[in-house]
Amino acid sequence: MAVLEQTPPAVAQPATARPRTGLRKYWHLYAAISPFYLIFLGFGLFPVGFSLYLSFHRWDGLGSMEWAGLSQYQYLLSDSDFWNSIGNTIIIWALATFPMIFLAMITAVMLNSAVRFKSLYRVAYFLPNVTSVVAIAIVFGSIFSTNAGMVNAVLQAVGIDQVAWLNTPWGIKVTIAALMTWQWTGYNAIIFLAGLQTIPGDLYEAARMDGAGPVQTFFRITLPLLRPTLLFVLVVSTVTGLQSFSEPQVLLQTSSNDSTFAGGPGHSGQTMVLYFFQQTFDNNDFGYGAAVAWGIFLVVVLFSIINWRLVQRRGD
Amino acid sequence: MASIKGSRRRGIALHLPLVIGTLVSAFPFYWAVIMSTHSSSEIFSYPPKLLPGTHFLENVRNLFDAVDFFGSMWNSLLVAVSVTFLVLLFDSLAAFVFAKFDFPGKGMLFGLLMVIFMVPAQLSVIPQFVLMAKIGWIGSMTALIVPAAANAFGIFWMRQYMKTAIHDELLDASRLDGANFLRQYWHVALPVVRPGLAFLGIFTFMGQWNDFAWPLIALTNPGNVTLQVALSQLNGTHGTTDYGIVMTGALLALVPLLIVFAVGAKQIIGDLAKGAVRG
């Protein structure tokens, strides 16, 4: 929040101007920033306040609201489906994030060593990130399909049994994680690459003179200096990964009968946000949905803090 | 001294994994192209098809029969273009004010903006839905455009950009020439930050084009939806999903994005990384 304390260069008002009241003098500045705050008032502040209010009530969205006190939250704590969705979300997040950061870092290091066609590689690696999740989830559903998918064909070719990817608890999670890894590795590689390019070259020169090998150089120089970038990548992956919705929704909407938000057989691909949508819009339980939303918010905040702490402590 | 042979070997060791990575990045696109040229029964036969088939035109025809493809594409375009235009206008105006002017309450208003930045989307989904149902926007594109018309990320990002890009001397000079606030914004600020606007514009367009969760909830009339929702309807038809059609739809939905990306790739990749490293 250091940015907030900086006072920008004050723009001097002409000395001849008569002192005017604040509002008259600055009205054009307030007008210029007002659209954002008006939209925020209607679609930001009101909703957040209202959802807090709602979470203490029972409401189906149509009838009258009924005061429920803390009972929605009490139920949330003992709701095994909610805990199941937390578990799923964290497992999918871990399955996607750790390989993704590892691959992205390796890719960035390779791109950073004076390689030809660098900009071509950068475009190729970034491409997955600009595609729509819906379209690409459909494509992944087909690549991982049990009978006719490319993945099982390759497995069969090397003599491994087929896997029912979209029908088993672990298969579902691995497929969702594979999709996320595919979509975000290149994006993060480019961010790591930018971080690498801020590390001065003479540090590497000095390390080489001291006889350090490439592995030693990576762990002693590259990794510590890349820590701010790593932190950025980890925080963004946590906040987006824990709120995954479109990937499991599109991949699994046809494979369960009760709800398009069920997350596949046995709810094993149901993430927290899917569960929120199911409770709210399939069950029309707006009060409980609001409580779930606050539960998700809490999990995301807790997880972000833990991640932050871990990365900050490591190098110190 | 590394021999030529040695450096060539090093080159191969470096390029081989990079090329494999490129192939993995590209494979799903290739797969979508191949699948869109086969009939559903061919797609579900073993071994998987890796070469183009002959059913592309048939799939396209069936796709256009199954969903209002151009109608939903028009909706997507309408939403993405309107939001991009509004975001560029509102965000850059607010960013200009926060970057270059001083006024009472500025610190508090900007702090509020940063807090808003961190509020997760689900918290506002239900009240937003209820509110929009009350004012009758549910089911129309207005429900998608208005809440997205200005955002904290864009203002924050543009402000960082403008702080360094617009020189105070330029503003002072223009004021001495008698330029008022709007003239300064239009004639001094905007021309300088054009690359930043291009980044924010492309970024916003792609984000809106791909948005899925809120449109899925807010567009309650199945005949009047955005492209992403139409695609998911196609995929979700129980039992009778025709993969040839679905793949063709997925492929055609990617085309406008790929065009935007081809035009703006350099801008996006460069500026995105810059923001992340600056922090």
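Using N, Cα and C of the backbone, Cβ positions are placed for all residues, glycine too.
Annotated domain 'ABC transmembrane type-1' per TrEMBL: B:73-264, in sequence order. The transmembrane segment feature in TrEMBL is assigned to B:12-33, B:77-98, B:110-131, B:137-157, B:185-206, B:243-265.
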Under 8 Å, at least three CB pairs between the transmembrane segment (B:243-265) and the transmembrane segment (B:12-33) (pairs 6 or more apart)?
-> yes
Same-chain residues at least 6 beyond the ends of the transmembrane segment (B:137-157) with a Cβ under 8 Å from one of its Cβ atoms are 75, 78-79, 82-83, 86-87, 90-91, 94-95, 98, 113-114, 116-117, 128-129, 196, 200, 204, 208, 211, 214-215, 218-221, 224, 226, 275
Contact count check, CB pairs under 8 angstroms to the transmembrane segment (B:77-98), set B:12-33, B:110-131, B:185-206; argmax is B:185-206
Sequence-distant contacts of the transmembrane segment (B:12-33), meaning Cβ under 8 Å and at least 6 residues beyond its ends, amount to 52, 247, 250-251, 254
